[in-house]
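Taking it in order: structure first as structure tokens, then the write-up.
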Amino acid sequence: QMSNSSSITEFILLMFTDTRELQLLHFWLFLGIYLAALLGNGLIIITVVCDQHLHTPMYFFLLNLSLVDLGSITTTLPKSMANSLWNTRAICYTGCAAQVFLVVFLASAEYCLLTIMAYDRYVAICKPLHYGTLLGSRACVHMAAAAWASGFLYALLHTANTFSLPLCKGNAVDQFFCEIPQILKLSCSDTYLREVWFLVVSFLVVFSCFVFIFFSYVQIFRVVLRIPSDQGQHKAFSMCLPHLVVVSLFVSTVIFSHLKPTSISSPSLDLVVSVLYSVVPPAVNPLIYSMRNQELKDSV
């Protein structure tokens, strides 16, 4: 038992398993996923930077998304892999705070970018004649900067809010990385109101972006279904489907992990769900984007 947060120098993370062989299996499995994510996102970044043909708003935002994905998977996986390899569970106090900040920062930046990408698809398909004026290079840079800045401020707010609470219920975090709901469980003050505030603010942000994405796609599909040629429809769908799949994957896993009923909550289920939303999207996104995209494949 700890008296207050000032005496906590480290947190104890949840291990996937206590068996040494399975720990090593977990290490190799995560290493494989991590290298795949590095390779996929790294290839997209290098290709978009080096190929003049890809210097368009769509690929500029994809480049930003790949940077976010690289950051988010690097925030959680290497530490977990190191813990499995050395058979330890500890993470230092500042390391934990940094993880909380980066997880929130990169997740919110990713969501903002996905919202901007929906707007990009909407303009490209519904207002093609205005594409150059609405999405000029300066506008794109401003939008991307706004996504990164809002993620940064949002994370700063929530990290400061979480770590200003006195923690007295030990230092064991029921997760393989530090995240806000798990830290709040360790607080001895009445965190109920703060947690509600955190959820309400997050829900409003997520919901407003989701409504924007949803209505963008309603407009897009209305236009696409009026395209007379099958080839034109196919091209429009192949532009939009990857983005739609990525948004669905990201939103559904995050919502399920934070709003699932407590009756089905257990440490092992929480662990699986957290892997779904923190590990799977960064590793799978490059694949989803490049599979339907001939231009990107040719450039790579």
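Each residue, glycine too, has its Cβ placed from N, Cα and C.
Residues or ranges marked as transmembrane segment in TrEMBL: 25-46 (among others).
For 40-289, the entry in TrEMBL reads domain 'G-protein coupled receptors family 1 profile'.
Taken from TrEMBL, the feature transmembrane segment applies to 58-77 (among others). Counting residues 6+ beyond its ends, the transmembrane segment (58-77) has Cβ neighbours under 8 Å at 30, 33-34, 37-38, 41-42, 44-45, 48-49, 99, 102-103, 106-107, 109-110, 113-114, 116-117, 120-121, 124, 140, 143-144, 147-148, 176-177, 239, 278-279, 281-283, 285-286, 289, 296 in the same chain.
The transmembrane segment annotation in TrEMBL covers 97-119 (among others).
Only residues 6 or more beyond the boundaries of the transmembrane segment (139-157), in the same chain, are considered here, and those with a CB under 8 A from a CB of the stretch are 57, 60-61, 64, 101-102, 104-110, 112-113, 116, 205. Per TrEMBL, transmembrane segment is recorded for 139-157 (among others).
Under the heading transmembrane segment, TrEMBL lists 196-218 (among others). Outside the transmembrane segment (196-218), and at least 6 residues removed from its termini, the chain residues within Cβ reach (under 8 Å) are 108, 111-112, 114-115, 118-119, 121-122, 154, 158, 161, 180, 184, 240, 244, 247, 251, 254-255, 258.
If you look up TrEMBL, you'll see 239-259 (among others) marked as transmembrane segment.
Annotation comment: TrEMBL describes 271-289 (among others) as transmembrane segment.
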